[in-house]
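Undergrad: What follows is a structure written as structure tokens; I'll ask about it next.
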Amino acid sequence: MLVLEDGTRYEGRAYGARGRTLGEAVFATGMTGYQETLTDPSYAGQIVLMTAPHIGNTGMNDEDMESARIWVAGFVVRDPSRVVSNFRSQRSLDDDLAAAGIVGISGIDTRAVTRHIRSLGAMRAGVFSGEEAHLSPGEQLDLVQSGEQMTGRNLSGAVSTGERYTLPATGERVGSVAVLDLGVKTSTLNYLAERGFDVHVLPQTVTADDVLALEPDALFFSNGPGDPSASERHVELLRSALRAGLPYFGICFGNQLLGRALGFDTYKLPFGHRGINQPVLDRATGRVEITAHNHGFAVAAPTDAISESSEGFGRVEVSHVDLNDDVVEGLNCLDIPAFSVQYHPESAAGPHDANYLFDRFRDMVIASRTTDDSQEAGK
């Protein structure tokens with residue numbers, strides 16, 4: 001049984017592990033890429049509903065894992081594949097969900113649930129199967145309504161690495177980057193290494209002094225779950241790094257934290273953007289990119305004019321907007337070396353339209369270092 005916090009109920013079949021799970025019900029619009037969705041730490045605390053009807057066709061494999069485990073709180077599908085058919089498959093989706101203890105449900109009208117969430121907004125939900133399915137409707141609803149709201153929730157500690165580690169550059173070396181792991185995906189780290197960075201991955205507990213002690217050439221904030229307004233410590237860390245002159249690139253959660261560091265507010269979207277088919281306009285080029293999204297919050301920055309950072313970081317422009325709802329999808333600082341996007345340029349899963357942003361980051365770091373060297377030589 002899928003139970004929403006407004007009392008709406010959908011009966012289906014148990015899928016994955018049996019038991020009870022609570023979380024925020026959201027929908028993802030990708031036709032493919034369910035394994036990357038499941039293993040994306042940004043989905044922590046969320047019961048993910050796939051709008052595509054057939055899920056599990058290609059099974060699961062070790063190569064497409066975006067982290068070491070499945071992170072979703074629950075999984076909702078309409079018609080799970082009864083046969084796994086792919087030469088790369090190592091296990092079935094059902095088996096992996098069960099092994100990870102992920103409670104799911106299948107056989108429900110996922111389009112109807114999607115329309116419901118789209119109309120009323122993301123809401124708390126619960127999936128009940130096995131013995132938990134025998135609880136009364138009132139008991140199930142009470143459990144759902146007693147669950148945590150996503151607003152105000154800090155989940156970085158749940159998904160971040162506990163220890164520092166380093167990935168050496170795999171491309172022609174250009175320097176080092178400190179990555180604050182707020183829920184980083186494997187593909188993101190690989191793209192940074194391919195661009196010539198030694199990648200120092202840091203737990204979310206580090207301080208600005210810890211970051212600066214590494215003497216990195218740049219700073220990167222990753223994607224991640226939760227409410228950015230609950231991560232003020234990371235915002236202050238970022239402000240310190242920007243004042244120290246570190247070039248910065250942030251994605252997803254890292255975009256929201258840059259927005260707050262610059263003095264903008266953030267807010268919760270009605271039902272968020274989740275999926276691999278979101279159209280975004282690059283306002284500088286007029287080019288439309290099809291991008292991968294997973295965010296329930298956004299930055300409240302003016303899109304009609306260049307604005308001034310209230311925190312003293314100079315001029316800021318909105319670089320990208322979503323063509324579905326005009327939500328801010330990117331920020332570009334004009335007076336300091338810093339930019340960010342709200343989506344996932346590593347495209348795992350998803351189209352590769354935004355991969356160039358990693359090249360832009362590399363070029364910005366090289367240019368910033370050249371400028372610093374010129375200034376030193378002129379002294």
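In case you wondered, yes, glycine gets a Cβ from its N, Cα and C as well.
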Undergrad: For the L-glutamine site that TrEMBL lists with G224, G226, F253, Q256, N294, G296, F297, give the additional residue from the candidates S42, S67.
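TA: Within the candidate list, TrEMBL flags S42.
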Undergrad: What three-state class does DSSP give G224 (L-glutamine binding site)?
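TA: Coil, per DSSP.
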Undergrad: Restricting to the region 'CPSase' (1-173), report the mean pLDDT as a whole number.
TA: 96
Undergrad: For C252 (active site, nucleophile), find which of the recorded positions S42, G224, G226, N294, F297, H344 come within 10 Å, Cα to Cα.
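TA: Correct set: S42, G224, N294, F297, H344.
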Undergrad: Enumerate same-chain residues with a sequence separation of six or more from H344 (active site) and a Cβ-Cβ distance below 8 A; give 'none' if the list is empty.
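TA: Correct list: K185, T188, N223, I251, C252, T291, A292, H293, N294, G350, A354.
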Undergrad: Of all the Cα pairs drawn from S42, G224, G226, F253, Q256, N294, G296, F297, the residues the record ties to L-glutamine, which distance is largest, in Å?
TA: 13
